[in-house]
Each structure stands twice: as structure tokens, then as C-alpha cells.
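Participant: Under the heading N-linked glycosylation site, Swiss-Prot lists ASN15, citing sequence analysis as support. Among the features that Swiss-Prot reports, phosphoserine is placed at SER415, with the record citing similarity to another entry. According to Swiss-Prot, the topological domain 'Lumenal' annotation covers 1-21, 153-160, 223-236, 281-304, 359-369, 469-472. What Swiss-Prot lists as transmembrane segment is 22-42, 57-75, 79-98, 132-152, 161-181, 202-222, 237-257, 260-280, 338-358, 370-390, 448-468, 473-493 (among others).
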Amino acid sequence: MSQKQMKEAFVSNQNGTSVLEITEGLCLPALCILCRGLLIILSQQLCSSLHNSRTRFLVDFAFLIVPLVTTLTIFSSFVLLEYLVAIILGAGLLYEIYCRRTCYARMPFQKICEKFLKVSLESEHIPAISCFRVVNSAFTAVAILAVDFPLFPRRYAKTELYGTGAMDYGVGGFIFGSAMVSPEVRRKYTKGSRFCYLTKSLYSLWPLVFLGVGRLVAIKSVDYQEHLTEYGVHWNFFFTLIAVKLITSLLLLICPLNRSWVVAISIAALYQLALDFTPLKSLILYGTDGSGTRVGLLNANREGIISVLGYVAVHMAGVQTGLYVLKKRSHIKDWIKVACCILLTAIGLFISLYIVQVNVEVASRRMANLAFCIWIVASCLILLSSLLLGDIILSFAKFVIKEAAVPCSWKLIQSPTANKKHLESIVFDAKRKEPTLCLITAMNRNQLLFFLLSNVTTGLVNLSIDTLHSSTPWALCLLNLYMFTNCLIIYVLHLQDKTIKFW
């Protein structure tokens, strides 16, 4: 067996893990980001050592990237222990900040909370959405290289037919995150005719076409290992993004934007009916001749082409979520309601997932069936609600510390009925320049470039190193170095105020 065949076999025929285990791992970054914000606030009270570019990068890397690497590798069986450490650290930092509060020092906790609920937020940008997209990007970047090493648990790898693996979440999470900030949600193409809107949508696809074709040519030219049942012979992630964007652009021309959830449910349900009552499922699994043929364009790429329908449903659900979250709100209490509503919706979807998996069909990444779509949306909503709740706690910490500033977090604007002296301090915080020393902002700014860098460096590592026989310490060092390099490049570009766009 050749090295290529060994690597392909190493990532194939996996059955995944439980939905609960994946959900546990997904919510941990929200806690880590909260701890990072609390540490920055406390450091502003104690010293200024965290306010230079090098130190801030290391802090962000330690709180955002390192926990992801360890959760997907050596601490995969100790996620609850990581939660315990993060909760203790976060609670300790919050308690210390509260004890050192410079505002409302003599006021009881209940009164402080009452005043906090009256605070307004400068909500032009929602930090939780930026963090959501960055967490998904970082998770994907770690996983695509880690999966080739023995220290990566096989249960986290992409499943072969049925089941839920941590890596199965990646594409769906990316599509959902992109949908939340799509031009339609941001009303970017509101001016002009429908034809103008469609033209702009099509024009925005050419970088993805370039990347998709480029990846296909590169993979075939170097004879790189491939997981055939993931997308097919020629298809890849970029082609899925193109197809989803094309279909959803047409759908949003026909259907009202605020009824995207109806479209999402309809597509997912009809697609599942087609899988159950037509030869569509047999076509995906066994090809047109029933023997797994890869002859012809459809047979060669049947998984990638047909699963697009499921991802379209996920995208439409993301559009509806984006419309809800990006709706203008002024008070912190409104955002508490939003976070709770999203959390309850996620719980409802997880209950629906259980019912569907028991009575209809188990989740399948390969087909992107109804259960898979529900799982992706529920997982995205649980992560988003965790990040929103973390932002609210961080806002409380900023509320009690005069002139506290944390990059990629809400700016506070006090309500007119509040204490005048504290009003001045919070308005100053709202008007001061946002610190640029932030890895999260940097990754969100050049997300596509970060993903491209991760793919290229993953290929270089695989071509130059025998990943299958790498020891755990060596693999862990390589993974952290790989992520450190990619993050540093993106961070330096951000410090130089450069956004790399191909369109």
C-alpha cells in the first residue's frame, strides 16, 4: 500500500461520535474568549504589559487557538475538565474585577444589575457574529491538519455514511456563518433592479471559482490524498459554496427575505422525502448503475452535487438568524432576550434532531439529509448563544470599570436616566478608538485568506512529513507552529491595515 493509500485509509470509514460531545467542544471557545476579555480588563487595572502588539497576540493565541488544538487532540477525553478550569478562571477574574470596580463602588449588587440592564449598546457591529466566524475558521484550520496525525481521535474525523463527527460540522458551520452576514442580510444590494442584484451576486463568485479550480488542479497535479466519498472525484468545498450561493441568490429573488426559515424547512423536508421515496439516496451511495461507478460527471461527483440541497437549507436558516440577530436593538436587556431565545431555539432543534434520528434517518454528512441540517443549525445556534451570553458578561465587567476597553466587544452607552458622572466615562469608552491589537478582528478581516493559508500549509506539511507515524509531542508542536504561523501572518496584515481581497 502506497503512502497516499495509507493516508486515505486513515481518514476513511469513520462512524463519528455523540452530538453531546461535539456540542461540549463547540461551546468551550466562548468561555475562553470571555476569559481573555476579562483578563484584558483586569490587566488595564493592574498594569499595561498586555497592551503591546506582541503580548496581545500571544494572549489571543493562548486563549483562542491553544484550547482548540488541545480539545481536538490530547484533551479530547477531558473536555469537561477544560470547562472546569475555564469556569474557575473566568469566575475568579470576574470576582476580582467586581471587587476592584471603579464605578458604583458603594452600591449593592442588585442596584448595579438594575442600572446595567438600562445600559445601551453601540450595536453597529455584533461581536458574537465575528467571534462565531473566527471560531469556525480556527476550528476548521486545526482539524484539517490534525486529522492526518494519530493523536487526532478517529471519532472526530468525517463520517463515512452516517453519524456525526466534529469535522462534519466544519462546512455547515462555515456556510451558516457566511449566511448570517450575507449581502442580502446586510441589505447591501437594496438599490437597483433584481437583474442588478443577480449580476452582483454572480460577480462575487469568481474568487471562489478561481480557488475551487486552483485546488482541483493542485490536488491532481501532486497526487495528493483525497477522501473520495466526501465530495467526489472533482468536487470540493469551494464548488459547494458556489452552488449554494447561486441557488440561494435565486431563491431570495423569489421569496421574501423574512420568510427564509420557511424556505429552509421546506427544502430540508422535501429533500428528505426525495431521499426516502425516490432513487436519490441510491444514486448518492451507489451511482447510476448501483455498483458505485464513478464514470461520468454526475457519478464522479454525486456526493458533492446532491448534498448542495442540504447546505442550501442551512444557508437559508443562517439568513433568517442573521436577520434576527442584526436587527437594531438599544438595550442590554434586549440582547439578553435574544441570547435566551437563540438558546431555547437550539434546545428545541436538538430535541427535534433526536426525534428525526429515531423515526426518520440518522444524520449523514454524505447526503446532508434532514437530520444533518437540523444538527448543523442547532450546533451553530448553541455556539452563537454562548458567545452572546459571554459578551453580555463581558459588558457587565466593562460597566463597573471606568474606561475599560476590550477589542471585538460591545461598546457601552449609558441610558439618559443613569448617573451623570458615570455617563461621561462610558460615553468616552464608546467614542475612544477601538484597540487594533486583536487576533479575532484580524482573522475576521481576512477570513478567506486565512482559510486559503491553512489549506496551503496543510498540504505542505503533508507532503514533507510522515504524519501517520509522528509521535504525540512532535505532532502537537507541529500543529501549534502551523497555527501560530498562519495567525501571525493574518495578524501582521491587520496591524498594517491591509485587507486582502481578490474582488
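Every residue number used here counts from 1 along the chain in the order it is shown.
Cβ atoms here come from the backbone N, Cα and C positions, even for glycine.
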Participant: Among all protein chains shown, how many Cβ atoms are found within 10 Å of the Cβ of ASN15 (N-linked glycosylation site), not counting that one?
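Facilitator: The Cβ of ASN15 (N-linked glycosylation site) has 14 Cβ neighbours within 10 Å.
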Participant: How about long-range neighbours of the topological domain 'Lumenal' (359-369): same chain, 6 or more residues beyond its ends, C-beta under 8 Å?
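Facilitator: Hits for the topological domain 'Lumenal' (359-369): 158-165, 168, 172, 229-230, 271-272, 275-276, 281, 284-285, 303, 306-311, 314, 353, 375.
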Participant: Assess whether the transmembrane segment (161-181) lies in contact with the transmembrane segment (132-152), where contact requires at least three Cβ pairs under 8 Å among residues 6 or more apart in sequence.
Facilitator: yes
Participant: Kindly say whether the transmembrane segment (260-280) and the transmembrane segment (132-152) touch, using the definition of 3 or more Cβ pairs under 8 Å where each pair is 6 or more positions apart.
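Facilitator: Judged by the Cβ rule, the two regions do not touch, with the required three close pairs absent.
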Participant: Flag the pair the transmembrane segment (370-390) / the transmembrane segment (22-42) as in contact if three or more Cβ pairs fall under 8 Å (sequence separation 6 or more).
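Facilitator: Contact confirmed: at least 3 Cβ pairs fall under 8 Å.
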Participant: With H, G and I counted as helix, E and B as strand and the rest as coil, say where DSSP puts the residue listed as 'N-linked glycosylation site'.
Facilitator: coil
